[in-house]
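**Q** Got a structure here, written out as structure tokens. Questions coming.
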Amino acid sequence: MAAAPSASGRRSMSWGSSISQSFRQAEADDPFGRAASQQGHDDDEENLRWAALEKLPTYDRMRRGVIRTALLHHDGGGDGGGAAAAAKDGRMELVDIQKLAAGNLGRALLDRVFQDDSERFLRRLRDRIDMVGIELPTIEVRYEQLSIQAEVFVGSRALPTLTNAATNVLQGLIGRFGSSNKRTINILQDVSGIIKPSRMTLLLGPPSSGKSTLMRALTGKLDKNLKVSGDITYCGHTFSEFYPERTSAYVSQYDLHNAEMTVRETLDFSGRCLGIGARYDMLAELARRERNAGIKPDPEIDAFMKATAVQGHKTNITTDVTLKALGLDICADIIIGDEMIRGISGGQKKRVTTGEMLTGPARALFMDEISTGLDSSSTFEIVKYIGHLVHVMNETVMISLLQPPPETYNLFDDIILLSEGYIVYHGPRENILEFFENAGFRCPERKGIADFLQEVTSKKDQQQYWYHDQERYRYVSVPEFAQRFKSFHVGQKMQKEMQIPYDKSSTHPAALTTTKYGLSSWESLRAVMSREWLLMKRNSFIYIFKVTQLIILAFMSMTVFLRTKMPSGTISDGTKFLGALTFSLITILFNGFAELQLTIKKLPVFYKHRDFLFFPAWTFGVANILLKVPVSLVEAAVWVVLTYYVMGFAPSAGRFFRQFIAFFVTHQMAMAMFRFLGAILKTMVVANTFGMFVLLIVFIFGGFLISRNDIKPWWIWGYWASPMMYSQQAISINEFLASRWAIPNTDATIDEPTVGKAILKSKGLITSDGGFWISIGALIGFLVVFNILYILALTYLSPGGSSNTIVSDEDSEDKTDMKTRNEQQMSQIVHNNGASNTSATSSIPMSGSRSTNQQSRSQIVLPFQPLSLCFNHVNYYVDMPTEMKEQGFTESRLQLLSDISGVFRPGVLTALVGVSGAGKTTLMDVLAGRKTSGVIEGDITLSGYPKKQETFARISGYCEQTDIHSPNVTVYESILYSAWLRLSSDVDTNTRKMFVDEVMSLVELDVLRNALVGLPGVSGLSTEQRKRLTIAVELVANPSVIFMDEPTSGLDARAAAIVMRTVRNTVNTGRTVVCTIHQPSIDIFESFDELLLLKRGGQVIYAGELGRHSHKLVEYFEAVPGVPKITEGYNPATWMLEVTSPIAEARLNVNFAEIYANSELYRKNQELIKELSTPPPGYQDLSFPTKYSQNFYSQCIANFWKQYRSYWKNPPYNAMRYLMTLLNGLVFGTVFWQKGTKISSQQDLFNLLGATYAATFFLGAANCITVQPVVSIERTVFYRERAAGMYSSLSYAFAQACVEVIYNILQGILYTIIIYAMIGYDWKADKFFYFMFFIVASFNYFTLFGMMLVACTPSAMLANILISFVLPLWNLFAGFLVVRPLIPIWWRWYYWANPVSWTIYGVVASQFGKNGDVLSVPGGSPTVVKQFLEDNLGMRHSFLGYVVLTHFGYIIVFFFIFGYAIKYFNFQKR
């Protein structure tokens, strides 16, 4: 490979990483291994086949392979059957590699060549490469004097309140005046180091130390707003010389995937897009050298390597390798899912995120917190496999782990310890303890080294590791550690290496990738089109629902505009036809509105793929554009076919098809417009608000609401810029230039020869037939422009959002003077056994107060009742999933828990442990009463009495695995709110607040007191901060029984230690605490008193005490014949999971569940359960006088307090609401400027009627749509809070409705003042206040209707689709497009049922119901305005009282339906 590489040859050549993301290692040997030197395993047939292969031209030879005949007839499935059959059948055949690369044949070959030993297989590959002297490309990554800074607001100025949002806008417009509290935060500070190939590096550090920032910097994925200095090079080359996004792979800690795709489909897509790199060129060179040297490789290894070099297929054998390596093969064909779609588990999603990057050809891997949600055994196997890639295939890998167990830690070669932006240590793992011992700190026995490293730099944890008895402890700061490292021998060696520049000429030509994408543009488009088509099929319900909705609307509209009621030939007849055409047009436009939400939903995954260079952004845009063309064809065809002849439009085939063309192009234009808006606005709340504003502008200047002749000169450009005007013009010309409208015009005021042209001219439309095609051309122009803008937005706009927490002023000061401050001491827990056997008290330890420095404060003592929880023979069943039925399962239900018995006692900390899928969370949900579906069998008692859920909710706490909190409140507000509603009403306000402060100090959230919670992965708190908040929210409830589902998952070792100290202290107060736990370190695991161990299938295999150093657990399992003894210092938790794994069970031929059921331990547990299932003498069943801790009034006040604060800190919702109100008012005011001062003609009155209709409908509709995402997010939080028994559903509904009413009143006042003055309505008090009332009332019922739809549907998306069905109906029967007297009698009831019609009635009747001005009527005699309203519109001033009452009625009805649905509809499936 000395020659200059081709374009493909310059790609990253990590064929090894894509070939073999391998299996967890078992103990089986590979009976099929072959030496590279051609020993005597070849038979004559194999030689003949190989000789035939060698005679083929190079191109054909690379696409053919020789494999055993048995594999060709194997059905795949990965069960090893193909390997076994192939071992018996030695016949060989020549096969097409294209067929081998995908499908069952490839999986059978995979089973055969791997044999569950990834290292051995990789070494066979490496031996083949080394035999012909090919050098694998390697990458060395250097970073020198790298510093990264961010400019951020700190303290209260950083909170996104409405005032801060307004201040930010003003500062952006007029510049900064005075201090803005924006400060420079150092994320990384002058760090340097070398990440070497063939060495696996572990990155450790506490939260906010800069780990993710360092990884993003090294992979070229930093936010452009950050200030960066220093150099980063790959093999001496800077980022400008290659593409770091493809040379390296960054595995993010956030799991962003398409929920509707399966695991296999997700990895197939990433593998297809990332390409094969230089794998094909390397393989061709390998084959050439082997041929010249007369070397014959193992045919099946050869076929396998060729299969991995096939590019562009929908699936590839490398996907199956990755699935096996990450343990995802068991869920390969299950959809990933999300919060609304049931899919794979959180740990499996994390592995999918890792697998996405492993399928590509990158040879430098940077993996950020890949173990979150995984048990320690799975983490060990995955890291071990990656270590094989590093050591055998010379890859470069850096991995950050939160809580690496010792056995995983020992797999790494180098350690980087990062803290406060400084590198404390970077060098070999063997020397790091020596470094800290030189500084005076030693890792204790039975303490994980990784845990020690993350705690030793912390002020609050450092002192416990000081071991110099002769010297007094002194806090060693992080900068001092960093300085000490520079003088340490490892640091000095690193500095010397950094001084020697890397020889760029020695860089392997395939090491750095110089092509931007893995596929050609055409192949990328095909791949994305295939993926988007798959997503459309998976979301087919949405498209079917939209068509069904369109059919219903078409039926309703064609019965309103029935041809028997639609005479033609006069100008007045034309008005009704214009109404029918306009309604059709509005329906088509509204139908395109759903594209807004569909686009925004796809953006997070798109941005990830775009930034990782999966494909060019334009391919995603073009794919979505092309795939929506059939949607427009179907929906336009459905509407036109159903309505055209029934409504009585011009009976001509040509005009029928021309209307279809107009509606098709309009629908395409609408979807393009909303796609573009979604791409630039990015969030549902902002996009919904602005989308409705754009729709309003398009509608106002569409040519129907106000004719061109009546538009003010300063707005005439808006008329020509409105796409709806061209649509209106096209369909109007198509209709009114038909022969039946060619009747001579008799109206002298309009100078046109025919009635049809007179109608067109009265609306300011073109009167020639050529205008139709001009309008179609203009619409196509809009369509093209919107699509181009959409693609440009996708290409150049950043994702937006921030995952940074707010830095408090105090925290900022702390970091400045940290060296000079003394450590604050944590006060000890105070135990109080209480005055009786059935009561106890708790107190919370306080850390030193900032304000008083080291002065301790008094502790709050709150009473609680110790309780034991017993469960006996518990079983849990769910309906058999559809996927399993399709695979042949015949049972009607699936058992998830099988005969589980146990007891949780006061003062005993119990660990609930098991591998993923063992049923830990399921059991906890069952015991806590959180299951919403399925069948539960068995006995559950609380201190001897049957558990009553309502009572149990009052005295229990549940820290869920997913941290669900209201995003727009602060940490302190979240905790105070929980305490307010869950502590007894006897606790006064001051005591409650002090208790909250103590809990916050206990879990170290006091520094984050005023930080916004935010949305996970988008804004606000980090994962570990959010986890601590979850625990604090439950602790302030002062519960007797606490369930914690993986409280340490997602936390680093130090944060996990903080949490476990908190948990231990809680148990010591006499509470009953049980925790599920995934990957505990030794010290965390041994902080538990008892263990309940589950195996897959929900069966108990151990329940009992751990004992000192876990000796009771170890003795129990070591007594089982064949179980290997635990080695000294090994983590008992890891050992326990390994020796009880399904593989170990199969090897020992035992069933640990049966062994436990027949053990003495089981009998003792049954005796204990029997004892505790009987109430103690004199003990009464737990009961409370009220269902909730607080009365209904207090619940309402607390809920309103939280909602008010949440709304105040939600500018994207409320600031946008008021901004759009202001813009709407100004637009209406200037378009209809002083139209209300003089009404002399029918057109004047209809202009005002149109203004009233549009002013009411569009802003109200915007409120209805934009409130839905807000309510949907809060509803998820509501489900958790309701399950905790915090409040009644009605108090929650009342509070949310009240806060909306307040904002709506202010919105209505602002809107009324603007448009009332600018339009020029009569300034009389009664008219003004009537107008204001109807506007405010309409905003309220629109908003409540949107809230009601969310409460009645499982998702905001479905509610949004329903809105697009209801709003056109309200629009149709509002009394504007068709006035009430002209509505067919069979639909007139809907006019009275339509709230919008009542609002228009109220506004028009209150403003003009007593108007005595003379009104000229075309074709009729003059009349007064009052009489015209009564005769033609059916509106009377005397009816206003009923109109007012009806508005109150709608508000009350919508509120009560919202409250009822919130209470009785539960769409959370658990």
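Every residue, even glycine, has its Cβ placed from backbone N, Cα and C.
Since this is a predicted model, take the numbers as computed values, not measurements.
Copied straight from Swiss-Prot:
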REGION    1-47  region 'Disordered'
COMPBIAS  9-24  compositional bias 'Polar residues'
DOMAIN    172-445  domain 'ABC transporter 1'
BINDING   Gly205, Pro206, Pro207, Ser208, Ser209, Gly210, Lys211, Ser212  ATP 1 binding site
DOMAIN    523-736  domain 'ABC transmembrane type-2 1'
TRANSMEM  541-561  transmembrane segment
TRANSMEM  577-597  transmembrane segment
TRANSMEM  660-680  transmembrane segment
TRANSMEM  686-706  transmembrane segment
TRANSMEM  772-792  transmembrane segment
REGION    828-852  region 'Disordered'
COMPBIAS  832-843  compositional bias 'Low complexity'
DOMAIN    869-1121  domain 'ABC transporter 2'
BINDING   Gly914, Val915, Ser916, Gly917, Ala918, Gly919, Lys920, Thr921  ATP 2 binding site
TRANSMEM  1215-1234  transmembrane segment
TRANSMEM  1249-1271  transmembrane segment
TRANSMEM  1301-1321  transmembrane segment
TRANSMEM  1331-1351  transmembrane segment
TRANSMEM  1359-1379  transmembrane segment
TRANSMEM  1389-1409  transmembrane segment
TRANSMEM  1439-1459  transmembrane segment
**Q** Nearest to Gly210 (ATP 1 binding site) by Cα, among Gly914, Ser916, Gly917, Lys920 (binding-site residues)?
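**A** That would be Ser916, the closest of Gly914, Ser916, Gly917, Lys920 to Gly210 (ATP 1 binding site).
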**Q** Could you name the stretch, out of 686-706, 1331-1351, 1359-1379, 1389-1409, with the greatest number of CB pairs under 8 A to the transmembrane segment (1301-1321)?
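**A** When the Cβ pairs under 8 Å are tallied, 1331-1351 comes out ahead.
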**Q** Could you measure between Val915 (ATP 2 binding site) and Pro207 (ATP 1 binding site) for me? Cα positions, answer in whole angstrom.
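**A** It is 26 Å, counting Cα to Cα.
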**Q** Can you check what DSSP calls Lys211 (ATP 1 binding site), collapsed to helix, strand or coil?
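**A** Note: Lys211 (ATP 1 binding site) is helical by DSSP.
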**Q** Do the transmembrane segment (541-561) and the transmembrane segment (1359-1379) come together with 3 or more C-beta pairs under 8 Å, pairs six or more apart in sequence?
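**A** Counting Cβ pairs under 8 Å (6 or more apart in sequence), the transmembrane segment (541-561) reaches the transmembrane segment (1359-1379), since there are 3 or more.
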**Q** Along the domain 'ABC transporter 1' (172-445), what average pLDDT does this model show?
**A** 85
**Q** Beyond Gly914, Val915, Ser916, Gly917, Ala918, Gly919, Lys920, Thr921, what residues of that chain have CB atoms within 8 A of the centre of the ATP 2 site's CB atoms?
**A** Thr922, Leu1094, Arg1096
**Q** Looking at the binding-site residues Gly205, Gly210, Gly917, which sits with the largest number of other Cβ atoms within 10 Å of its Cβ?
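**A** Ranked by Cβ atoms within 10 Å, first place goes to Gly205.
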**Q** Excluding the flanking five residues on each side, which residues at least 6 beyond the ends of the transmembrane segment (1389-1409) place their CB within less than 8 Å of a CB in that stretch?
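**A** For the transmembrane segment (1389-1409), the far contacts come to 1236, 1239, 1245, 1248-1249, 1252-1253, 1256-1257, 1260, 1321-1322, 1326-1327, 1330-1331, 1333-1335, 1337-1338, 1341, 1345, 1369-1371, 1373-1376, 1380, 1383, 1425-1426, 1429, 1433, 1435-1440, 1443-1444, 1446-1447, 1450.
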**Q** Rank 686-706, 1215-1234, 1359-1379 by Cβ pairs under 8 Å to the transmembrane segment (577-597) and hand me the top one.
**A** 1359-1379
**Q** Of the stretches 660-680, 686-706, 1215-1234, 1359-1379, which racks up the most C-beta pairs under 8 Å with the transmembrane segment (1331-1351)?
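**A** The stretch with the most close Cβ contacts to the transmembrane segment (1331-1351) is 1359-1379.
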**Q** Determine which residues of the chain contact the transmembrane segment (772-792) at the Cβ level, with the cut-off under 8 Å and only residues 6 or more beyond its ends counted.
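**A** 617-618, 621-622, 625, 658, 661-662, 665-666, 668-669, 672-673, 675-676, 679, 723, 726-727, 729-730, 733-734, 766.
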**Q** Where Gly919 (ATP 2 binding site) and Pro207 (ATP 1 binding site) are concerned, what is their Cα separation in Å, rounded?
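**A** A Cα-Cα distance of 30 Å.
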**Q** Can you tell me how far the Cα of Lys920 (ATP 2 binding site) sits from the Cα of Ser209 (ATP 1 binding site), in Å?
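**A** Counting only the Cα atoms, the answer is 32 Å.
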**Q** Taking 8 Å from the centroid of the Cβ atoms of Gly205, Pro206, Pro207, Ser208, Ser209, Gly210, Lys211, Ser212 as the cut-off, which other residues in that chain fall inside it around the ATP 1 site?
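**A** Going along the sequence, the neighbours appear as Leu418, Ser419, Asp1052.
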**Q** Hey, which of the binding-site residues Pro206, Pro207, Gly914, Gly919 is the loneliest by Cβ count within 10 Å?
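**A** Among the binding-site residues Pro206, Pro207, Gly914, Gly919, the sparsest Cβ neighbourhood within 10 Å belongs to Pro207.
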**Q** Quick check on the binding-site residues Ser208, Ser209, Ser212, Ser916: which one has the highest count of other Cβ atoms within 10 Å of its Cβ?
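**A** Sorting the candidates by Cβ neighbours within 10 Å, the top entry is Ser209.
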